Amino acid sequence: MENSTPKKISESQIKNLALSGGGFYGFAVVGALKEIFDNYIDPNNIKTISGVSVGSIIATMLAIGYSIDEITKIMFEIDMDTLIKDSYFSYYTLWEKFGMYNADKLEQEIERIIRDKTHIKNCTFSQIEKNLIIVTTNLNYQRTRIFSKLETPTMIISKAVRMSISYPFIMVPVLFEGDLYGDGGETLNYPITLFDDDLDKTIGITFANHNENDDGTLKTRLPINNFYDYIVSLGLTMNRSSYISQISSKYLDRSIVIKINEDISSMQFNLDLKQKEYLFECGIKSVKQQIIKLINH
């Protein structure tokens, strides 16, 4: 049953926010945050924000001072499909650069969004007030790499975000300090685990689509009919395996699990406005249904 009378969560209760990877399900994250910040939590009380993949984009906007209404506007106006597919697909790019698209325009857009709010070109982690944590994967060492004010103060934020969103095979991985970096979800798709020492003051947002259980396992067989389906399935398998290995009841108890009941893939390009609005509403509805467990914790 939905919580019909919103009750604010006190400043002392919540100070950490963890946003999982989820591709185009990012619209649902924004909907969830809209409901949370409008009715339950003052966003100024959030001190540390961690994000993976699309979660890293939203986490960054929150950390540098965008309001949830501003973030909603940006997410609905930005053309992710065009920004990611900024070049013609060729097998040469996939073979030589390990991805279908360079996505340079997407990185430039992320940099513009950051610069517009901070008024700083190539803004680094040390130049913002909140503690922003961006999760990436070092492909050469096959391990998680964290970028934050504490660990990498001089790192350019837009570059770290570009690494974190480098979905396998779709986007070219990023060469940094001699190593290749890819989607953070390949090794850590839900960064709530970074808050083990402060879990009772943390809220995480993650997903379960119509074919998933809350723990990330699939309910039914996923069809693979062409090369693109195969690539997407391979990427989702890596993200799912990292998620399943990390999730447990103690994390689910601190999580809003957004239910996506329509047949919309997290990697479905060319979402129309109706689909974006549906995902946004899924986020709002899931918070209304689940926030009570966090209030009563």
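Backbone N, Cα and C atoms are what each Cβ position is placed from, and that goes for glycine too.
According to Swiss-Prot:
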type: DOMAIN; residues: 17-196; note: domain 'PNPLA'
type: MOTIF; residues: 51-55; note: motif 'GXSXG'
type: ACT_SITE; residues: Ser53; note: active site, nucleophile
type: CARBOHYD; residues: Asn122; note: N-linked glycosylation site
type: ACT_SITE; residues: Asp183; note: active site, proton acceptor
type: CARBOHYD; residues: Asn239; note: N-linked glycosylation site
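Sequence features annotated in Swiss-Prot and their locations in the structure.
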residue: Ser53; record: active site, nucleophile; CB count, 10 Å: 29
residue: Asn122; record: N-linked glycosylation site; CB count, 10 Å: 12
residue: Asp183; record: active site, proton acceptor; CB count, 10 Å: 29
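With a threshold of 8 Å between CB atoms, the same-chain residues lying at least 6 positions outside the motif 'GXSXG' (51-55) that come near it are 18-26, 29, 132-135, 164-165, 167, 183-185, 188-191, 205.
Between Asp183 (active site, proton acceptor) and the residue listed as 'active site, nucleophile', the C-alpha separation comes to 6 Å. Look at the motif 'GXSXG' (51-55): DSSP puts its residues at 2 helix, 2 strand, 1 coil. In the three-state DSSP scheme, Asp183 (active site, proton acceptor) is classed as strand. The distance from the Cα of Asn122 (N-linked glycosylation site) to the Cα of Ser53 (active site, nucleophile) comes to 19 Å.
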